[in-house]
Amino acid sequence: MQKYISEARLLLALAIPVILAQIAQTAMGFVDTVMAGGYSATDMAAVAIGTSIWLPAILFGHGLLLALTPVIAQLNGSGRRERIAHQVRQGFWLAGFVSVLIMLVLWNAGYIIRSMENIDPALADKAVGYLRALLWGAPGYLFFQVARNQCEGLAKTKPGMVMGFIGLLVNIPVNYIFIYGHFGMPELGGVGCGVATAAVYWVMFLAMVSYIKRARSMRDIRNEKGTAKPDPAVMKRLIQLGLPIALALFFEVTLFAVVALLVSPLGIVDVAGHQIALNFSSLMFVLPMSLAAAVTIRVGYRLGQGSTLDAQTAARTGLMVGVCMATLTAIFTVSLREQIALLYNDNPEVVTLAAHLMLLAAVYQISDSIQVIGSGILRGYKDTRSIFYITFTAYWVLGLPSGYILALTDLVVEPMGPAGFWIGFIIGLTSAAIMMMLRMRFLQRLPSVIILQRASR
(Lines of atoms letter the chains of each structure in order from A and count residues from 1; the text may use other names and numbers.)
(Lines give C-alpha, C1' and ligand atoms only; values in the text may rest on other atoms or scores of the structure.)
Protein backbone atom coordinates (compact mmCIF):
# COMPACT_ATOMS: atom_id res chain seq x y z
CA MET A 1 0.00 0.00 0.00
CA GLN A 2 2.83 2.40 0.83
CA LYS A 3 4.24 2.19 -2.70
CA TYR A 4 0.86 3.21 -4.12
CA ILE A 5 0.61 6.16 -1.73
CA SER A 6 4.12 7.28 -2.69
CA GLU A 7 3.35 6.89 -6.38
CA ALA A 8 0.07 8.81 -5.98
CA ARG A 9 2.00 11.72 -4.49
CA LEU A 10 4.46 11.71 -7.39
CA LEU A 11 1.64 11.47 -9.92
CA LEU A 12 -0.32 14.31 -8.34
CA ALA A 13 2.81 16.47 -8.19
CA LEU A 14 3.04 16.06 -11.97
CA ALA A 15 -0.68 16.08 -12.65
CA ILE A 16 -1.81 19.13 -10.67
CA PRO A 17 0.10 21.63 -12.85
CA VAL A 18 -1.16 19.80 -15.95
CA ILE A 19 -4.70 19.93 -14.57
CA LEU A 20 -4.41 23.66 -13.99
CA ALA A 21 -2.92 24.16 -17.46
CA GLN A 22 -5.76 22.19 -19.05
CA ILE A 23 -8.35 24.06 -16.99
CA ALA A 24 -6.88 27.30 -18.32
CA GLN A 25 -6.97 25.92 -21.88
CA THR A 26 -10.54 24.67 -21.55
CA ALA A 27 -11.58 27.86 -19.79
CA MET A 28 -10.58 29.68 -22.96
CA GLY A 29 -13.32 27.73 -24.73
CA PHE A 30 -15.67 28.50 -21.84
CA VAL A 31 -14.87 32.21 -22.15
CA ASP A 32 -15.40 32.12 -25.92
CA THR A 33 -18.78 30.42 -25.52
CA VAL A 34 -19.98 32.74 -22.74
CA MET A 35 -18.80 35.94 -24.44
CA ALA A 36 -20.19 34.90 -27.82
CA GLY A 37 -23.45 33.91 -26.09
CA GLY A 38 -23.56 37.33 -24.47
CA TYR A 39 -23.38 38.88 -27.94
CA SER A 40 -26.12 36.66 -29.43
CA ALA A 41 -27.35 33.06 -29.45
CA THR A 42 -26.53 32.87 -33.17
CA ASP A 43 -22.91 33.82 -32.54
CA MET A 44 -22.63 31.22 -29.77
CA ALA A 45 -24.04 28.58 -32.13
CA ALA A 46 -21.56 29.69 -34.83
CA VAL A 47 -18.65 29.26 -32.41
CA ALA A 48 -20.04 25.81 -31.51
CA ILE A 49 -20.18 24.69 -35.14
CA GLY A 50 -16.78 26.15 -35.96
CA THR A 51 -15.24 24.52 -32.91
CA SER A 52 -16.71 21.16 -33.91
CA ILE A 53 -14.55 21.33 -37.07
CA TRP A 54 -11.48 23.00 -35.51
CA LEU A 55 -11.09 20.45 -32.72
CA PRO A 56 -10.74 17.28 -34.84
CA ALA A 57 -8.29 19.05 -37.14
CA ILE A 58 -6.03 20.62 -34.51
CA LEU A 59 -6.17 17.65 -32.15
CA PHE A 60 -4.97 15.42 -34.97
CA GLY A 61 -1.78 17.49 -35.01
CA HIS A 62 -1.74 17.59 -31.21
CA GLY A 63 -1.97 13.80 -31.06
CA LEU A 64 0.82 13.34 -33.58
CA LEU A 65 3.12 15.41 -31.35
CA LEU A 66 2.15 13.54 -28.17
CA ALA A 67 4.65 10.88 -29.24
CA LEU A 68 7.37 13.22 -27.99
CA THR A 69 6.37 12.91 -24.33
CA PRO A 70 7.01 9.16 -23.83
CA VAL A 71 10.09 9.32 -26.10
CA ILE A 72 11.64 12.11 -24.02
CA ALA A 73 10.57 10.53 -20.71
CA GLN A 74 12.15 7.21 -21.70
CA LEU A 75 15.39 8.89 -22.83
CA ASN A 76 15.50 10.88 -19.60
CA GLY A 77 14.89 7.78 -17.47
CA SER A 78 17.61 5.83 -19.25
CA GLY A 79 20.18 8.64 -18.90
CA ARG A 80 20.35 9.43 -22.63
CA ARG A 81 19.56 13.14 -22.37
CA GLU A 82 22.00 13.99 -25.16
CA ARG A 83 19.48 12.59 -27.66
CA ILE A 84 16.53 14.70 -26.50
CA ALA A 85 17.33 17.97 -28.32
CA HIS A 86 17.36 16.26 -31.72
CA GLN A 87 13.95 14.69 -31.04
CA VAL A 88 12.53 18.09 -30.09
CA ARG A 89 13.91 19.78 -33.21
CA GLN A 90 12.30 17.15 -35.40
CA GLY A 91 9.09 17.72 -33.47
CA PHE A 92 9.14 21.35 -34.58
CA TRP A 93 9.64 20.34 -38.20
CA LEU A 94 6.75 17.90 -37.93
CA ALA A 95 4.54 20.57 -36.34
CA GLY A 96 5.32 22.97 -39.18
CA PHE A 97 4.39 20.48 -41.90
CA VAL A 98 1.18 19.42 -40.16
CA SER A 99 0.06 22.99 -39.45
CA VAL A 100 0.11 23.80 -43.18
CA LEU A 101 -2.18 20.84 -43.89
CA ILE A 102 -4.53 21.80 -41.06
CA MET A 103 -4.77 25.40 -42.27
CA LEU A 104 -5.71 24.23 -45.77
CA VAL A 105 -8.43 21.98 -44.38
CA LEU A 106 -9.89 24.72 -42.18
CA TRP A 107 -9.82 27.33 -44.96
CA ASN A 108 -12.02 25.05 -47.09
CA ALA A 109 -14.31 23.93 -44.26
CA GLY A 110 -16.99 26.32 -45.49
CA TYR A 111 -18.06 23.71 -48.03
CA ILE A 112 -18.90 21.34 -45.17
CA ILE A 113 -20.74 23.95 -43.11
CA ARG A 114 -22.83 25.34 -45.96
CA SER A 115 -23.79 21.85 -47.12
CA MET A 116 -25.50 21.12 -43.79
CA GLU A 117 -29.20 20.54 -44.20
CA ASN A 118 -31.44 23.47 -43.20
CA ILE A 119 -28.61 25.50 -41.67
CA ASP A 120 -29.33 29.22 -41.40
CA PRO A 121 -27.17 31.16 -43.94
CA ALA A 122 -26.23 33.83 -41.38
CA LEU A 123 -25.17 31.13 -38.93
CA ALA A 124 -23.08 29.41 -41.63
CA ASP A 125 -21.34 32.67 -42.58
CA LYS A 126 -20.43 33.40 -38.97
CA ALA A 127 -19.09 29.85 -38.45
CA VAL A 128 -16.92 30.10 -41.59
CA GLY A 129 -15.60 33.50 -40.53
CA TYR A 130 -14.75 32.15 -37.08
CA LEU A 131 -12.74 29.27 -38.58
CA ARG A 132 -10.88 31.45 -41.08
CA ALA A 133 -9.80 33.73 -38.25
CA LEU A 134 -8.84 30.86 -35.96
CA LEU A 135 -6.79 28.86 -38.48
CA TRP A 136 -3.91 31.38 -38.28
CA GLY A 137 -3.34 30.19 -34.73
CA ALA A 138 -2.75 26.56 -35.78
CA PRO A 139 1.07 26.85 -36.16
CA GLY A 140 1.38 28.71 -32.86
CA TYR A 141 -0.68 26.06 -31.08
CA LEU A 142 1.35 23.13 -32.46
CA PHE A 143 4.73 24.79 -31.85
CA PHE A 144 3.63 25.46 -28.28
CA GLN A 145 2.72 21.78 -27.87
CA VAL A 146 6.21 20.69 -29.00
CA ALA A 147 7.82 22.95 -26.40
CA ARG A 148 5.35 21.83 -23.75
CA ASN A 149 5.90 18.14 -24.54
CA GLN A 150 9.64 18.69 -24.13
CA CYS A 151 9.10 20.09 -20.64
CA GLU A 152 6.57 17.45 -19.63
CA GLY A 153 8.72 14.59 -20.92
CA LEU A 154 11.40 15.90 -18.53
CA ALA A 155 8.80 15.82 -15.71
CA LYS A 156 8.50 19.62 -15.68
CA THR A 157 4.80 20.32 -15.87
CA LYS A 158 4.66 23.76 -14.20
CA PRO A 159 5.76 25.76 -17.29
CA GLY A 160 2.73 24.53 -19.23
CA MET A 161 0.51 25.60 -16.34
CA VAL A 162 1.97 29.11 -16.25
CA MET A 163 1.67 29.56 -20.02
CA GLY A 164 -1.92 28.30 -19.92
CA PHE A 165 -2.93 31.00 -17.46
CA ILE A 166 -1.04 33.64 -19.41
CA GLY A 167 -3.10 32.60 -22.44
CA LEU A 168 -6.36 32.76 -20.50
CA LEU A 169 -5.60 36.20 -19.11
CA VAL A 170 -4.75 37.50 -22.57
CA ASN A 171 -7.79 35.84 -24.16
CA ILE A 172 -10.43 37.65 -22.07
CA PRO A 173 -9.55 41.27 -22.96
CA VAL A 174 -8.68 40.44 -26.57
CA ASN A 175 -12.05 38.66 -26.93
CA TYR A 176 -13.78 41.73 -25.54
CA ILE A 177 -11.98 44.00 -27.98
CA PHE A 178 -12.76 42.00 -31.13
CA ILE A 179 -16.26 40.74 -30.25
CA TYR A 180 -17.64 44.17 -29.36
CA GLY A 181 -15.29 46.37 -31.40
CA HIS A 182 -13.36 48.48 -28.91
CA PHE A 183 -10.13 50.52 -29.19
CA GLY A 184 -10.70 51.09 -32.89
CA MET A 185 -11.08 47.40 -33.75
CA PRO A 186 -14.04 46.15 -35.85
CA GLU A 187 -17.08 44.63 -34.11
CA LEU A 188 -16.79 40.98 -35.22
CA GLY A 189 -19.11 39.10 -32.86
CA GLY A 190 -18.32 35.39 -32.75
CA VAL A 191 -15.62 35.81 -35.41
CA GLY A 192 -13.74 37.93 -32.88
CA CYS A 193 -13.35 34.84 -30.70
CA GLY A 194 -11.37 33.24 -33.51
CA VAL A 195 -9.11 36.27 -33.87
CA ALA A 196 -8.46 36.38 -30.13
CA THR A 197 -7.74 32.66 -29.77
CA ALA A 198 -5.32 32.65 -32.72
CA ALA A 199 -3.37 35.53 -31.19
CA VAL A 200 -3.30 33.85 -27.78
CA TYR A 201 -1.72 30.64 -29.15
CA TRP A 202 1.21 32.61 -30.56
CA VAL A 203 1.64 34.47 -27.26
CA MET A 204 1.76 31.14 -25.38
CA PHE A 205 4.35 29.69 -27.77
CA LEU A 206 6.65 32.70 -27.55
CA ALA A 207 6.36 32.74 -23.76
CA MET A 208 7.25 29.03 -23.54
CA VAL A 209 10.27 29.45 -25.82
CA SER A 210 11.45 32.32 -23.64
CA TYR A 211 11.22 30.08 -20.56
CA ILE A 212 13.09 27.17 -22.17
CA LYS A 213 15.93 29.45 -23.28
CA ARG A 214 16.42 30.60 -19.69
CA ALA A 215 15.87 27.31 -17.80
CA ARG A 216 19.11 26.06 -16.22
CA SER A 217 17.77 22.51 -15.93
CA MET A 218 17.58 22.25 -19.74
CA ARG A 219 20.94 23.82 -20.52
CA ASP A 220 22.46 20.51 -21.64
CA ILE A 221 19.58 20.00 -24.07
CA ARG A 222 19.47 23.58 -25.29
CA ASN A 223 23.17 23.75 -26.02
CA GLU A 224 23.29 20.96 -28.61
CA LYS A 225 25.21 22.14 -31.66
CA GLY A 226 24.32 21.63 -35.28
CA THR A 227 21.80 22.80 -37.85
CA ALA A 228 18.18 21.87 -37.27
CA LYS A 229 17.62 20.06 -40.56
CA PRO A 230 14.81 17.55 -41.07
CA ASP A 231 15.87 14.02 -40.13
CA PRO A 232 13.62 11.61 -42.08
CA ALA A 233 14.46 8.63 -39.84
CA VAL A 234 13.54 10.41 -36.60
CA MET A 235 10.46 12.02 -38.09
CA LYS A 236 9.33 8.67 -39.46
CA ARG A 237 9.62 7.13 -35.99
CA LEU A 238 7.71 10.02 -34.40
CA ILE A 239 5.00 9.61 -37.02
CA GLN A 240 4.85 5.85 -36.43
CA LEU A 241 4.30 6.46 -32.72
CA GLY A 242 2.21 9.60 -33.05
CA LEU A 243 -0.09 8.76 -35.96
CA PRO A 244 -2.09 6.12 -34.04
CA ILE A 245 -2.46 8.61 -31.17
CA ALA A 246 -3.54 11.32 -33.62
CA LEU A 247 -6.09 9.04 -35.25
CA ALA A 248 -7.35 7.92 -31.85
CA LEU A 249 -7.86 11.53 -30.78
CA PHE A 250 -9.48 12.23 -34.13
CA PHE A 251 -11.95 9.37 -33.72
CA GLU A 252 -12.77 10.41 -30.15
CA VAL A 253 -13.26 14.08 -30.97
CA THR A 254 -15.23 13.38 -34.14
CA LEU A 255 -17.68 11.38 -32.06
CA PHE A 256 -18.52 14.74 -30.45
CA ALA A 257 -17.90 16.94 -33.49
CA VAL A 258 -20.06 14.95 -35.90
CA VAL A 259 -22.84 14.98 -33.32
CA ALA A 260 -22.63 18.79 -33.17
CA LEU A 261 -23.02 18.88 -36.95
CA LEU A 262 -25.96 16.45 -36.82
CA VAL A 263 -27.64 18.46 -34.07
CA SER A 264 -27.28 21.79 -35.93
CA PRO A 265 -30.34 21.30 -38.22
CA LEU A 266 -32.53 20.68 -35.13
CA GLY A 267 -32.48 24.39 -34.27
CA ILE A 268 -30.55 27.00 -32.33
CA VAL A 269 -31.97 25.89 -28.95
CA ASP A 270 -30.78 22.30 -29.44
CA VAL A 271 -27.36 23.46 -30.70
CA ALA A 272 -26.92 25.89 -27.80
CA GLY A 273 -28.08 23.39 -25.15
CA HIS A 274 -25.84 20.68 -26.55
CA GLN A 275 -22.87 23.06 -26.70
CA ILE A 276 -23.31 24.18 -23.08
CA ALA A 277 -23.41 20.59 -21.80
CA LEU A 278 -20.47 19.58 -24.00
CA ASN A 279 -18.37 22.59 -23.03
CA PHE A 280 -18.87 22.02 -19.31
CA SER A 281 -18.25 18.27 -19.53
CA SER A 282 -15.02 19.12 -21.38
CA LEU A 283 -14.04 21.28 -18.43
CA MET A 284 -14.54 18.28 -16.11
CA PHE A 285 -12.65 16.03 -18.53
CA VAL A 286 -9.42 17.94 -17.96
CA LEU A 287 -8.92 16.12 -14.64
CA PRO A 288 -8.52 12.57 -16.01
CA MET A 289 -6.87 13.86 -19.20
CA SER A 290 -4.21 15.64 -17.17
CA LEU A 291 -3.72 12.62 -14.94
CA ALA A 292 -3.26 10.53 -18.08
CA ALA A 293 -0.44 12.84 -19.17
CA ALA A 294 1.24 12.38 -15.78
CA VAL A 295 0.84 8.59 -16.00
CA THR A 296 2.46 8.60 -19.46
CA ILE A 297 5.46 10.46 -18.01
CA ARG A 298 5.79 8.14 -15.02
CA VAL A 299 5.35 4.90 -16.98
CA GLY A 300 7.81 6.04 -19.67
CA TYR A 301 10.35 7.15 -17.07
CA ARG A 302 10.11 3.89 -15.10
CA LEU A 303 10.50 1.80 -18.25
CA GLY A 304 13.53 3.92 -19.16
CA GLN A 305 14.97 2.94 -15.78
CA GLY A 306 14.31 -0.72 -16.62
CA SER A 307 11.65 -1.31 -13.93
CA THR A 308 8.49 -2.93 -15.29
CA LEU A 309 7.06 -3.44 -11.79
CA ASP A 310 7.33 0.27 -10.99
CA ALA A 311 5.67 1.03 -14.32
CA GLN A 312 2.76 -1.22 -13.30
CA THR A 313 2.50 0.59 -9.98
CA ALA A 314 2.33 3.96 -11.75
CA ALA A 315 -0.39 2.66 -14.09
CA ARG A 316 -2.57 1.19 -11.35
CA THR A 317 -2.19 4.23 -9.12
CA GLY A 318 -3.24 6.52 -11.95
CA LEU A 319 -6.40 4.49 -12.52
CA MET A 320 -7.36 4.52 -8.84
CA VAL A 321 -6.86 8.27 -8.51
CA GLY A 322 -8.75 8.86 -11.76
CA VAL A 323 -11.83 6.91 -10.68
CA CYS A 324 -11.96 8.84 -7.40
CA MET A 325 -11.76 12.16 -9.27
CA ALA A 326 -14.46 11.12 -11.75
CA THR A 327 -16.85 10.15 -8.96
CA LEU A 328 -16.48 13.59 -7.39
CA THR A 329 -16.98 15.45 -10.68
CA ALA A 330 -20.08 13.38 -11.49
CA ILE A 331 -21.65 14.30 -8.13
CA PHE A 332 -20.78 17.96 -8.69
CA THR A 333 -22.31 17.94 -12.19
CA VAL A 334 -25.59 16.37 -11.05
CA SER A 335 -25.96 18.65 -8.04
CA LEU A 336 -25.39 21.99 -9.81
CA ARG A 337 -26.42 21.33 -13.42
CA GLU A 338 -29.09 24.06 -13.66
CA GLN A 339 -26.93 26.72 -12.03
CA ILE A 340 -24.08 25.79 -14.38
CA ALA A 341 -26.32 26.11 -17.46
CA LEU A 342 -27.42 29.59 -16.33
CA LEU A 343 -23.80 30.74 -16.44
CA TYR A 344 -23.86 30.27 -20.21
CA ASN A 345 -27.31 31.48 -21.22
CA ASP A 346 -30.57 32.60 -19.57
CA ASN A 347 -32.95 31.26 -22.23
CA PRO A 348 -35.25 28.87 -20.26
CA GLU A 349 -35.48 26.31 -23.08
CA VAL A 350 -31.70 26.22 -23.53
CA VAL A 351 -31.10 25.91 -19.78
CA THR A 352 -33.62 23.06 -19.42
CA LEU A 353 -32.09 21.06 -22.28
CA ALA A 354 -28.51 21.66 -21.11
CA ALA A 355 -29.35 20.58 -17.54
CA HIS A 356 -30.93 17.37 -18.85
CA LEU A 357 -27.89 16.57 -21.00
CA MET A 358 -25.57 17.17 -18.04
CA LEU A 359 -27.24 14.25 -16.24
CA LEU A 360 -26.13 11.98 -19.07
CA ALA A 361 -22.66 13.57 -19.02
CA ALA A 362 -22.35 12.67 -15.33
CA VAL A 363 -23.12 9.02 -16.13
CA TYR A 364 -20.17 8.54 -18.49
CA GLN A 365 -17.53 10.42 -16.49
CA ILE A 366 -16.16 7.34 -14.71
CA SER A 367 -15.80 5.26 -17.88
CA ASP A 368 -14.38 8.30 -19.67
CA SER A 369 -11.78 8.67 -16.93
CA ILE A 370 -10.76 5.01 -17.20
CA GLN A 371 -10.44 5.08 -20.97
CA VAL A 372 -8.35 8.27 -21.15
CA ILE A 373 -6.00 7.17 -18.35
CA GLY A 374 -5.78 3.76 -20.04
CA SER A 375 -4.73 5.54 -23.21
CA GLY A 376 -2.05 7.42 -21.24
CA ILE A 377 -0.75 4.14 -19.83
CA LEU A 378 -0.51 2.58 -23.29
CA ARG A 379 1.31 5.68 -24.58
CA GLY A 380 3.84 5.21 -21.78
CA TYR A 381 4.40 1.65 -23.00
CA LYS A 382 4.63 3.01 -26.59
CA ASP A 383 1.76 0.69 -27.51
CA THR A 384 0.02 3.31 -29.61
CA ARG A 385 -1.46 1.15 -32.37
CA SER A 386 -3.83 -0.55 -29.96
CA ILE A 387 -5.15 2.88 -28.91
CA PHE A 388 -6.07 3.51 -32.54
CA TYR A 389 -7.95 0.22 -32.98
CA ILE A 390 -9.78 0.57 -29.67
CA THR A 391 -10.98 4.11 -30.26
CA PHE A 392 -12.08 3.41 -33.82
CA THR A 393 -14.15 0.43 -32.71
CA ALA A 394 -15.60 2.09 -29.62
CA TYR A 395 -16.50 5.45 -31.13
CA TRP A 396 -17.29 4.81 -34.78
CA VAL A 397 -18.54 1.21 -34.74
CA LEU A 398 -20.42 1.33 -31.42
CA GLY A 399 -20.91 4.87 -30.08
CA LEU A 400 -21.83 7.05 -33.05
CA PRO A 401 -24.19 4.58 -34.81
CA SER A 402 -25.98 3.90 -31.51
CA GLY A 403 -26.39 7.61 -30.87
CA TYR A 404 -27.67 8.26 -34.40
CA ILE A 405 -30.25 5.49 -34.15
CA LEU A 406 -31.53 6.74 -30.78
CA ALA A 407 -31.46 10.45 -31.66
CA LEU A 408 -32.83 10.65 -35.18
CA THR A 409 -34.67 7.39 -35.97
CA ASP A 410 -37.54 5.36 -34.52
CA LEU A 411 -35.86 1.97 -34.92
CA VAL A 412 -35.62 1.46 -31.14
CA VAL A 413 -37.62 4.29 -29.55
CA GLU A 414 -39.15 7.56 -30.69
CA PRO A 415 -36.41 10.00 -31.84
CA MET A 416 -34.75 11.34 -28.69
CA GLY A 417 -32.97 14.35 -30.18
CA PRO A 418 -29.67 15.39 -28.55
CA ALA A 419 -30.21 13.03 -25.59
CA GLY A 420 -29.95 10.05 -27.95
CA PHE A 421 -26.49 11.13 -29.04
CA TRP A 422 -25.41 11.48 -25.42
CA ILE A 423 -26.47 7.90 -24.73
CA GLY A 424 -24.29 6.99 -27.72
CA PHE A 425 -21.41 8.78 -25.99
CA ILE A 426 -21.95 6.59 -22.93
CA ILE A 427 -21.89 3.41 -25.04
CA GLY A 428 -18.73 4.43 -26.92
CA LEU A 429 -16.72 5.62 -23.92
CA THR A 430 -17.64 2.64 -21.76
CA SER A 431 -16.64 0.24 -24.55
CA ALA A 432 -13.31 2.05 -24.90
CA ALA A 433 -12.67 1.83 -21.15
CA ILE A 434 -13.21 -1.94 -21.14
CA MET A 435 -10.94 -2.53 -24.13
CA MET A 436 -8.17 -0.26 -22.78
CA MET A 437 -8.08 -2.23 -19.53
CA LEU A 438 -7.93 -5.56 -21.33
CA ARG A 439 -5.01 -4.36 -23.45
CA MET A 440 -3.17 -3.00 -20.42
CA ARG A 441 -3.50 -6.34 -18.60
CA PHE A 442 -2.19 -8.16 -21.67
CA LEU A 443 0.88 -5.92 -21.91
CA GLN A 444 1.72 -6.13 -18.22
CA ARG A 445 1.71 -9.93 -18.35
CA LEU A 446 4.40 -10.02 -21.05
CA PRO A 447 7.98 -10.93 -20.00
CA SER A 448 9.94 -7.92 -18.74
CA VAL A 449 12.53 -8.30 -21.51
CA ILE A 450 9.87 -7.88 -24.19
CA ILE A 451 8.23 -4.92 -22.43
CA LEU A 452 11.55 -3.08 -22.11
CA GLN A 453 12.53 -3.89 -25.68
CA ARG A 454 9.25 -2.41 -26.96
CA ALA A 455 9.65 0.69 -24.78
CA SER A 456 13.19 1.40 -26.01
CA ARG A 457 12.20 1.52 -29.69
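Placement of Cβ uses the backbone N, Cα and C atoms for every residue, glycine included.
Feature list (source: Swiss-Prot):
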type     : residues : note
TRANSMEM : 11-31    : transmembrane segment
TRANSMEM : 53-73    : transmembrane segment
TRANSMEM : 93-113   : transmembrane segment
TRANSMEM : 127-147  : transmembrane segment
TRANSMEM : 160-180  : transmembrane segment
TRANSMEM : 189-209  : transmembrane segment
TRANSMEM : 243-263  : transmembrane segment
TRANSMEM : 276-296  : transmembrane segment
TRANSMEM : 314-334  : transmembrane segment
TRANSMEM : 350-370  : transmembrane segment
TRANSMEM : 387-407  : transmembrane segment
TRANSMEM : 418-438  : transmembrane segment
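The list of residues near the transmembrane segment (93-113) in space but at least 6 beyond its ends in sequence, with Cβ under 8 angstroms from a Cβ of it, reads 49-50, 53-54, 57-58, 60-61, 64-65, 119, 124, 127-128, 131-132, 134-136, 138-139, 142-143, 145-146, 228, 230, 235, 238-239, 242, 261.
The stretch in 160-180, 189-209, 276-296 that contributes the largest number of Cβ pairs under 8 Å to the transmembrane segment (53-73) is 276-296. Among the listed stretches 189-209, 243-263, 276-296, 314-334, the one sharing the most Cβ pairs under 8 Å with the transmembrane segment (418-438) is 243-263. Using a Cβ-Cβ cut-off under 8 Å and counting only residues 6 or more beyond its ends in the same chain, the transmembrane segment (314-334) has close neighbours at 4, 7-8, 11-12, 15, 280-281, 284, 287-288, 291-292, 294-295, 298-299, 302, 340, 358-359, 361-363, 365-366, 368-370, 372-374, 376-377, 380, 440, 444. If you look at the transmembrane segment (127-147), the same-chain residues 6 or more away from its ends with a CB under 8 A from one of its CBs are 46-47, 49-50, 53-54, 57-58, 61-62, 65, 68, 88, 91-92, 94-96, 98-99, 102-103, 106-107, 109-110, 113-114, 163, 188, 190-195, 197-205, 208-209, 212.
The stretches the transmembrane segment (387-407) and the transmembrane segment (189-209) do not meet in space: the count of Cβ pairs below 8 angstroms, excluding pairs fewer than 6 apart in sequence, stays at fewer than three.
Sequence-distant neighbours of the transmembrane segment (276-296) (same chain, 6+ residues past either end, Cβ-Cβ under 8 Å): 11-12, 14-15, 18-19, 21-23, 25-27, 29-30, 33, 69-70, 73, 152, 157, 256, 260, 314-315, 318, 321-322, 325-326, 329, 332-333, 340-341, 344-345, 350, 353-354, 357-358, 361, 365, 368-369, 372-373, 375-377, 379-380, 422.
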